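As recorded in Swiss-Prot:
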- Cys7, Cys15, Cys18, Cys94: [4Fe-4S] cluster binding site (BINDING)
- Gln219, Phe248, Glu269, Asn316: S-adenosyl-L-methionine binding site (BINDING)
- Cys343: active site, nucleophile (ACT_SITE)
Amino acid sequence: MSTLVQCGYFERGQCQSCRHIKLPMAQQLAAKTQELQQLLAPFVDNAEPQFLPPVVGDSSGFRNKAKMVALGAAHAPVLGIVSPSGEAVSLCDCLLYPADMQALLHRLERFVQQAGIPPYRVDKAKGELKFILLTRSQVRGEYMLRFVLRSRDAIARIERELPALMAEYPQIKVVSVNLQPVHMAILEGEEEIFLTENTRLEERFNDVPLFIRPKSFFQTNPQVAAKLYQTAREWVADFAPASLWDLFCGVGGFGLHCAAKDIPLTGIEIEAEAIACAKMSAQLMGLDKVQFMALDSTDFAKGDAAQTKPELIIVNPPRRGIGESLCHSLSEFAPKAILYSSCNPKTLAKDLGHIRGYRLTKVQLFDLFPHSDHFEVLALLVKD
């Protein structure tokens with residue numbers, strides 16, 4: 001396993017985001033595995049071989065999303081970050097991005113210059129362009145491009161230059177403007193204005209169609225994410241559940257991988273854009289017994305849903321975990337199994353302490369975030 005030892009940004013002290021980039025991948029994985037095993041040790045029954053080998057992908061060129069701060073001036077824009085020393089650093093050559101994405105990021109710097117859009121200055125509360133957000137679909141190499149602006153003032157300039165950009169890069173399928181008028185370092189605002197007829201980007205993992213809209217969460221490492229979803233599919237299939245819940249379902253990645261035409265699936269996600277994407281996928285797959293609803297997962301589990309208990313429950317919460325209340329609800333529902341996908345092993349361990357009547361039978365680490373402290377964990381809990 002290789003590592004990104006030649007990252008110039010890191011060597012020059014301009015970007016420290018990949019804090020472990022100087023360590024061999026094997027050493028990075030060993031540290032992550034040790035942390036996971038220590039956190040989950042209280043829940044491990046030595047009678048069962050819970051920890052499976054970690055799943056890894058490429059150490060460079062794997063990331064499908066760029067969040068670039070707009071810096072510099074209208075005549076000399078910089079897309080990247082502010083370095084620890086306060087320098088505006090272009091990150092267009094970041095090695096986490098595929099080569100075609102790097103090239104497009106450079107082109108977007110020229111686009112901003114040609115359009116004459118002044119980057120927003122937080123210290124002076126002046127300027128227009130705050131961020132550029134670029135998302136890449138691996139299935140066709142297509143892109144969604146978002147401009148985060150302070151106001152509507154620069155939209156006409158973007159529209160003026162956009163035809164030339166899209167003629168040069170026909171793989172750009174979705175373009176939008178997000179309005180973020182607040183004088184704070186907030187990534188995006190409430191209002192999204194589409195500049196293209198298309199409003200979603202298509203992705204495909206393991207023959208499952210998935211869709212990305214501007215505000216819907218999507219995994220940033222598609223290579224390893226596809227393996228994560230496939231593993232979930234295989235683990236769930238072992239139980240042949242007659243009904244499924246997918247809580248914190250996002251665009252439906254887990255549930256749609258585990259669904260079948262004769263199995264009722266209920267997916268719950270608070271973000272309405274993600275639910276719209278999940279419904280579209282289910283329709284394409286011909287899944288008539290699937291329902292996706294934009295609700296809070298904890299509230300859903302406490303409501304009328306408690307009358308129809310599923311045989312298997314999938315949870316994929318944000319970093320805060322599912323919380324004590326939902327843990328108690330899951331314990332009361334008593335499904336055959338609970339499949340927990342976590343991006344924070346600390347809150348996973350905390351939640352496991354609140355789920356009663358289950359044993360941990362499988363745990364697998366998925367390294368979606370090389371060179372960082374973060375990783376994804378898939379944990380299978382089986383009813384005692």
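Yeah, the Cβs are placed from backbone N, Cα and C, and that goes for glycine too.
Mapped onto this structure are the features recorded in Swiss-Prot.
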residue: Cys7; record: [4Fe-4S] cluster binding site; Cβ contacts under 8 Å, 6 or more apart: Cys15, Cys18, Ile21, Leu95
residue: Cys94; record: [4Fe-4S] cluster binding site; Cβ contacts under 8 Å, 6 or more apart: Tyr9, Cys15, Ala66, Gln102
residue: Gln219; record: S-adenosyl-L-methionine binding site; Cβ contacts under 8 Å, 6 or more apart: Ala225, Leu228, Gly253, Leu368
residue: Phe248; record: S-adenosyl-L-methionine binding site; Cβ contacts under 8 Å, 6 or more apart: Ile268, Glu269, Ser297, Val315, Asn316, Pro317, Pro318, Ile322
residue: Cys343; record: active site, nucleophile; Cβ contacts under 8 Å, 6 or more apart: Pro318, Arg319, Leu368, His374, Phe375, Glu376, Val377
Among Gln219, Phe248, Glu269, Asn316, the record's S-adenosyl-L-methionine binders - longest CA distance, Å: 15
All-chain count of other Cβ atoms within 10 Å of Cys18 ([4Fe-4S] cluster binding site): 20
Packing count at Asn316 (S-adenosyl-L-methionine binding site) (other Cβ atoms within 10 Å of its Cβ): 25
All-chain count of other Cβ atoms within 10 Å of Glu269 (S-adenosyl-L-methionine binding site): 28
CB contacts for Cys15 ([4Fe-4S] cluster binding site) [other CB atoms within 10 A, all chains]: 20
